[in-house]
Amino acid sequence: MFKRSWPVFLIFVSMISVQGSASIAKYLFPVLGPEGMTAWRLCFSAIILIIIFKPWRKPIPKQALKFIFLYGISIGFMNLAFYSAIARIPLGIAVAIELTGPIMVAMCSSRQLFDFIWLGIAVIGLAMLLPIHQASGNLDPAGILFALLAGSCWACYILFGRKAGAIYGSSSVAIGSVIASCFLFPIGVWQSGSAMFSVELLPLVFVVSLLASAIPYGLDMIALPKLPAQTFSTLMSLSPVFAALSGLIVLHEQLSSYQWLAIVFIIVSSIGTVLTMNRPTKIESVKSGN
């Protein structure tokens, strides 16, 4: 039982870490902007993960190079798009929209009726979390588009992460973070200028990087090869729950009773997924040009 459930526990810890850090990072946007915050966060994360996983001890197989590179690109654009989204729209809404990516992975990977039932319950909950009747008036269209882009990159993160992790192991996350940092750091400097090198901000950015990148990506890379694709994707439905709680505690964002009811639907979906996760569904149906 423990062997079957510990990857789920790692995913829960990963989500709590990510959503808590997003609320903290939002306070730094007026100074660093989404680009600068993402660049520093991934830079610190890459350094930490290299120290932890020591990828130089293990040569990278040729067949893993493509997946690790695409995994790193996915990490970079997923983070940049997400931070650009929460700079424009509320955290809980951005996270809910972002889940369109993992949901599509789950749909492509599903094989059994129960998979679609739990996924359908998750979709209902997500639809209830979105204030669709206010979207045209209160939500920044650019923020919605950035959240959708983050969701697409998240789907790529799942697919390429599973492939890279299966071939090269947990060290893939260290190399992937280096790749993401290398192409994002110049963008951050270009957008944020001298504010990128403010000594007063760097310790706080370092803490955010631990919570938002190093810890969750490391945990995800360990858990991804152990979980069916649709199980991982549907468990990600809990992200709006943690985002809403984080927004309430840190950003004082209030949720209506209708939105809390949506959270119940998502929890039911996640519990159902865990209870049926021993079904051997693979990810072969969503291969990426392989």
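Each Cβ is built from the backbone N, Cα and C atoms, and glycine gets one as well.
These come from TrEMBL:
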DOMAIN    6-127  domain 'EamA'
TRANSMEM  38-56  transmembrane segment
TRANSMEM  68-86  transmembrane segment
TRANSMEM  92-109  transmembrane segment
TRANSMEM  116-136  transmembrane segment
TRANSMEM  142-160  transmembrane segment
DOMAIN    142-273  domain 'EamA'
TRANSMEM  167-189  transmembrane segment
TRANSMEM  201-219  transmembrane segment
TRANSMEM  231-251  transmembrane segment
TRANSMEM  257-277  transmembrane segment
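Between the transmembrane segment (167-189) and the transmembrane segment (257-277), the number of CB pairs under 8 angstroms, six or more residues apart, is fewer than three, so the stretches are not in contact. Nonlocal intrachain contacts for the transmembrane segment (68-86), taken as residues 6+ away from its ends with a CB within less than 8 angstroms of a stretch CB, comprise 22, 25-26, 29, 34-35, 37-38, 41-42, 60, 94, 97-98, 142-144, 146-147, 149-150, 153-154, 156-157, 160-161, 163-164, 168, 172, 175-181, 183-184, 187, 212-213, 217, 288. Mapped onto DSSP helix, strand and coil, the domain 'EamA' (142-273) counts 120 helix, 0 strand, 12 coil.
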